[in-house]
Amino acid sequence: MKYLTSLSKRYLYIHVLLVAASLSLAAIIILQSLNIGQLIDGVLHQSIPYQLLAIILAILIGRSVLHFAIKWLGVVLSARIKHQLRRSVIDEKRPAADTLNLSTEGIEGIDSFYADYLPQVYRSAIIPSAIIVFLLFFHRNAALIMLITAPFVPLFYIIIGINTAKKATDQMTALNQFAGYFLDAIRGIVTIKLFNNEARVKQDIAEKSEGFRAKTMIILKTAFLSTLMIEFITMLSIGIIALEIGLGLIVFKTISFYTAIVVLMLAPEFYNALKDLGAAFHTGKQAEGYAELLSGQGAERIQYAYSVRDTIKMNTQLAYSNFSMQIHDELPVRHAVIFGPSGAGKSTFAKMLSGVETHGHGQIELPAYLENNMIYMSQQPFVMNDTLRHNVTMFNPVSEEALLSAARQVDMLERIQALPQGFDTVLGSGGEQLSGGETHRLMLMRALLNPAAMIIFDEPTAMLDAKTAGIVRATLKELSERSIVYTIAHQRTTIQSADYLIYIEAGRVTHGKPADFREQEFYQVVMQDV
């Protein structure tokens, strides 16, 4: 459980709140027993303190609120760690089936550790301890019996829980293997039918499904058996305390009826806390089985890091580990062009900047206003098998007027109006097909209709006719008035239109204003070639 516990260390404040709530709950339980004992004792002596009813009602309400608070804190902790783990699983190189199962079944499998087990650990550590301390002063014999019998409950659960963790790991491994086989069968369904192997594959899937069901039932069987045994142990322990109380009350007359009632009410509370820990420990060990697969064993994590090249200074701050970029206020960059020989790493540079690709070890740090506020437009814009409207709005709410304006701006309005359903025409497989130039104009409409602080274009005018290239350059100019625009380009016209240049060759970066480049030999060669 070390791996699961380590994930929760960053949320220290939730642990502090859990301890505070558990301490309050322990105090409430002791007060409840004292007041109910006083009420019952008063009834027997025909002296009912009615004000105790209001106090007991307030205590019961407070106890319910604290139970809810502890449960809610566990759910919050679980939700935050599951979100963290899903991002981690996506950043790991695993087979598709493993990624799918770990991001769903695997991560949901550890939910019980944070939502149930961890809060119960605090309750079971604090409540029994508080009851023991109280009874040492209130009725020492009962406290000693509890101290002797208490270890049997968690000990029994630990023995069963260790075996459960192994079975849970086997269950998750079986699920991954089954899912991988099923996905492979789906991918190769045409080949399977061609070779007339449907019956054998169906039989294999049925056998693997039955094997997974059997492993799941073994875990459930263990859980039911362990619960039965713990109930038996706690029943015997409470019986011993009741026997001691009965002897002291009736035979030896060493304790009062009030003391007997309070002790008999606290005894189930004491053992219930331990019993609940045992049940939670069972789910915790089951979660540990999933954690072994989530901890990254056998998976190659995608790390973020970049070698030291240079420092580029511009209008914001982008840090790549030892590689940083800064944009100063005195240098208001609106349109920066990245250029250089083919294969120099321009596209890789742009993808790393936008977060589309990662290489090496480390991390990229971006200023807050650029976080989730960047758009990367590749050389080959992706067209979804959906309506043209959804392709350009990316499912964001956009008015009809804005759609018409963007289409008119990129000279696509007439083409769209000629489509069977206009903006609601389906594109892609089985739908309307667009030419390369029209697809690039679609990309520009996306940029116009989905504003971002930074937009990165990868050779937006490559292999376009003169008219479409002109539309692209005009749109880039307009976009640069409201966003920082980075463009990978080879055309002289695009390079000359920039107010900042980044030249990449052989892993080295040169940067500056256009005026700084005019005397550079490589710049003169590039401007002659492009």
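Backbone N, Cα and C atoms are what each Cβ position is placed from, and that goes for glycine too.
What TrEMBL lists as domain 'ABC transmembrane type-1' is 16-286. Under the heading domain 'ABC transporter', TrEMBL lists 302-530. The transmembrane segment feature in TrEMBL is assigned to 12-32, 52-77, 121-138, 144-162, 218-241, 247-267.
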Stretch in 12-32, 52-77, 144-162, 218-241, 247-267 most in contact with the transmembrane segment (121-138), if contact is a CB pair under 8 A: 12-32
Same-chain residues near the transmembrane segment (12-32), Cβ under 8 Å, at least 6 residues beyond its ends: 56, 59-60, 62-63, 66-67, 69-70, 73-74, 76-77, 118-119, 122-123, 125-127, 129-131, 134, 265-266, 269
For the domain 'ABC transporter' (302-530), the mean pLDDT of the predicted model: 72
